[in-house]
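These notes concern the structure reproduced below.
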Amino acid sequence: MNDNGTQQGNYNNDGATGINALAAGTNATAAGASAVAVGDGANANSGGAVAIGQNASATGGKAVSIGVGNTANGDGAVAIGDPNTATGTGAVAMGANNTSNGQGAVALGNANTAIGQGSVALGNTSTANGAGSVAMGSGAVANNPNDVALGSNSVTAAPNPTATGTIGGVTYNYAGATPSSVVSVGAPGAERQVTNVAAGQVTATSTDAINGSQLFATNTAIDSLSTSTSTGLSTATSSIASLSTSTSTGLSTATSSIASLSTSTSTGLSTATSSITSLSTSTSTAIVAAKTHYYSVNDNGTQQGNYNNDGATGINALAAGTNATAAGASAVAVGDGSNASAAGAVALGQNAVAGNANSVALGSNSVTAAANPTATGTIGGVTYNYAGTTPSSVVSVGAPGAERQVTNVAAGQVTATSTDAINGSQLFATNTAIDSLSTSTSTGLSTATSSIASLSTSTSTGITSLSTGLSTTNSTVASLSTSTSTGLSTATSSIASLSTSTSTGIGSLSTGLSTATSSITSLSTSTSTAIVAAKTHYYSVNDNGTQQGNYNNDGATGINALAAGTNATAAGASAVAVGDGANANSGGAVAIGQNATATGGKAVSIGVGNTANGDGAVAIGDPNVATGTGAVAMGANNTSNGQGAVALGNANTAIGQGSVALGNTSTANGAGSVAMGSGAIANNANDVALGSNSVTAAPNPTATATINGTTYALAGTTPTSVVSVGAPGAERQVTNVAAGRLSATSTDAVNGSQLYATDQAVDALGATVGNIVNGGGIKYFHANSTLPDSQALGVNSVAIGPNAVANNAGDVALGFGSTTAAANPTASAAIGGVTYNFAGATPVSVVSVGAPGAERQITNVAAGQVTSSSTDAINGSQLYSTIQAINSLSTSTMTEIASLSTSQGGSSTLITSLSTSITRLSTSTVTGSSSHYYSMNDGGVQQGNYGNNGATGSNAMAIGPNALASGANGVALGNGASANADGGTVIGASAVVSAGNGTAIGHGAAAMAPGSVAIGANSMATEANTVSVGAPGSERRITNVAAGVNPTDAVNVSQLGAVQSSVNNVARTAYAGIAAATALTMIPEVDAGKTIAVGIGSSTYQGYSAVAIGFTARLTDNLKLKGGVSGGSAGHTYGIGASYQW
């Protein structure tokens, strides 16, 4: 060891004062029993603590501090990299300049801060400010407890509970009205689109996210209402041409709700292979006590499931945390009690459950369910085909009763093929359209039978952000030679008095040596030879009999550096290189393991062949490469390239500043991008791919929408990136979405119950408009034409126009070729499984303005005056600006409109007690002291996964006590995390994935259906290929949703508000038209004995007035002629006819 020629602390090998402790390096101190302190000024003062690097400090029981100036203060706390601080039981801080403060708090990357129990901050300068909060991505901020900020620069705000909504004067109760926290995937002005959202259920209690294609169908249904309105004008003459039938044509798009969220936040770190071979028995015994267990998870002293690392039973599964289980192949379970039971499932958070293949349960107590495919919906009697009808899995950010809000969702596309989630502003536009239609059509309306079946609730989610408990790499040192403690620096023994028997070998000694104070400078040749033979070489390293580099203890050339092992070199000041060929060539760098390389200032490389190239970079496990300041690559074959880039798990790639890739073979390709889940790919900067095999694409900005000829500006129109929770053909439903705000500027995602209310309004209007009963017809009035005469065949029927035929009693046939048929009474209808009774169930006759295949529109209505005394009819463009009229509209037809809920309350995504001590040491280099929980703190009580047997599935990974990954390729990370199915990914305490390819992220999150995703604490995803950001009763809202573009995009409230305004125009035109037609009927007939009569008539309908003038002439006793003109604010109508009597 090079002390630069100055004797310092531990020079006399007295730095290790604890029983079986080890102190190596200048000023190193190991006061705790079995503690290990390696490096200049390293301090391990608690039992089992490990401090490696210059001034590294481990002050908690079994705490781990690796790298220059790191501080691990708390039982099982872990601080690795450039100066990081981990304070609290099981707290983890890894990378550069990170701070974690709280039990189980995790901060990974560069300059991240996690404050509060179970909080998680990942990426670059992200902040998690409350207990259970999660911030994932560069600059992400989760401001409140249990919040999730998902994606670079995403920010959460307090939830906005939405309990009710008023449509057409009727107040509806919403589901998911009490959100407990928020999931944000963007920020105001920087919303994200949520793409690849499967169609969700549409019921009064649904908290599923809906996609653009479903709302597109609603808009199309509203379009078809305007034509049916024209048939309800009982006395309008055939010259009233056409009412525009295009009342609303689809809301544009609700962009970036959590398009394919990858929940694979697993950080199961592969084995750290820093074996320092052949050390003496006495020293190796001290190191055995420092071996790892739970990656520093605190089980409060009670051994629980996954203690022996047996929680991951699926192939390639990962289970991290007490009771975490990952039974599915490639499943990931992270957190206390998390469970990923299905292939590809991800459960992140305490008790999160991902029970379905490829599902994601994100957040504590989140639960996934099987996806509910929704292929079609019937609206106004018309069946519409939906996009995204075969969801492969589910993402859940909550559970029934514990849903979460998902905020900052950009508006999604609204087309027939869109699978984007929609936000609150888009649904608000539809509701506004319904408001303005409801009263105008309520008078004389008979029945509405069109319901919209189901919408996809992709939010999510979703997610605003998610955390990954990082496993700890704990290098158990097998056998250190006790002979190395001697150091043999300089032999300065001052000999006081020699035995008279030895004096004979010394030639000519002075007889006056009475005081024995003379220094004997030269001993006999035989004595010096013995001293030479006793000096150390490799600190008892076994070089197999061949002298190699560092044999003469010359590998440490940096000041205060340490090099231990054959060919080990430590060229940087205070650098540490331990292991065969280990290389630490920069100041404060740490390289432990065969050929481990740390080439950046204060970089850390632990394990065979790992490379940490950048200041504060960290590479731990099987060969990983971390390049860039604060870059982190942990696990097996991972690559992180960029400042603060993080790649955790197996074969993941994170490229770009602040990028994050978690799980198995996931890829984050741009700065600030996040890919979570097996095979997830985030293709663009700041994108988020959430869930196994989720893929992002470029965003589709939607600035405006044109409805009925009017262009509306939408909210969230400049999405900066995309959140994807699936892929084309493998979309997910997003469940447990809290009710979002409905306004013209809202970018909240909306859930199924909210759109269900809109659909009920459309249903109630659609059929009744086509059955308006004549309020007072004109008797025997026939058009004059050379074509066949009209026929009024029924008693008291009216036929007006050439060849018009009124077949039944009381019928009205209005216009050339119009024919009537028998009325079809409709007393009730079953919509969404509920039977509704209708008014007007016994129609006495029919009004027709055309014939099958020859229908008519009513058009060319002139603009009238709009004043307090105006009796003019108004047209659609004028009606748009008349908002006050909404309050005066009748609400009789709105009683069958169900309530929607758009909040996404519930719990957030807690990922509890994950630590980052050194992971399983290679059995080839560690003899007799294999790791158990990756240095997690079990309080001295062995639990499940203690024997590193939680990953029972092929290629599975389980990290944490009781973590279980039983499915192939499953990942379970956290206390009790469970990935029970193939491909499951679980992160968080008690999170569960129980179905293939599910994903559960957050404390208690559960993905229980194939491909489902549960995001956030206690989120539940129980349907296949759906994404859940909460649970019933604890929904979360999705805010800041950009306007949708594609058919399956999510829409926002501003888009839906545009539709409502357009429909208002149609309703008011209908009022004025009815008034004009009625005024014509009020002109009296010529009396008997009189030749001609001229009169006027007037009429008022729903506040709109019209005046008519006309004449009746009796030309002969048998021939009578009649004509008239009616005018109002909507324009003019006129008619003329003649009759012959005998």
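Each Cβ is built from the backbone N, Cα and C atoms, and glycine gets one as well.
Note that the structure is a prediction, hence the values are computed from the model and not measured.
The domain 'Trimeric autotransporter adhesin YadA-like head' annotation in TrEMBL covers 86-110, 312-338, 340-366, 556-582, 626-650, 654-680, 951-977, 1011-1031 (among others). Taken from TrEMBL, the feature domain 'Trimeric autotransporter adhesin YadA-like stalk' applies to 733-773, 857-893, 1037-1078 (among others). Sequence annotations record features per position, and here TrEMBL assigns domain 'Trimeric autotransporter adhesin YadA-like C-terminal membrane anchor' to 1084-1142.
Non-local neighbours of the domain 'Trimeric autotransporter adhesin YadA-like head' (340-366) in the same chain are 118, 132, 134, 146, 148, 183, 261-266, 314, 317, 319, 324-334, 392-399, 402, 404, 460-463, 466-468, 663, 676-678, 690-693, 725, 730, 732, 736, 906-912, 965-1031; each lies 6+ residues outside the stretch with a CB under 8 Å from one of its CB atoms.
Under DSSP, residues within the domain 'Trimeric autotransporter adhesin YadA-like head' (951-977) fall into helix, strand and coil as 0 helix, 14 strand, 13 coil. Contact between the domain 'Trimeric autotransporter adhesin YadA-like head' (951-977) and the domain 'Trimeric autotransporter adhesin YadA-like head' (556-582) does not hold: fewer than three of their C-beta pairs are under 8 Å, each pair 6 or more apart in sequence. Residues of the same chain lying 6 or more positions beyond the ends of the domain 'Trimeric autotransporter adhesin YadA-like head' (654-680) and with a Cβ under 8 Å from any Cβ of it are 109-110, 122-125, 136-139, 150-153, 260-267, 316, 318, 330, 332, 344, 346, 360, 465-466, 468, 628, 633, 638-648, 686-696, 721, 955, 969, 971, 983, 985, 987, 997, 999, 1001, 1013. Summarised by DSSP class, the composition of the domain 'Trimeric autotransporter adhesin YadA-like head' (654-680) is 0 helix, 12 strand, 15 coil.
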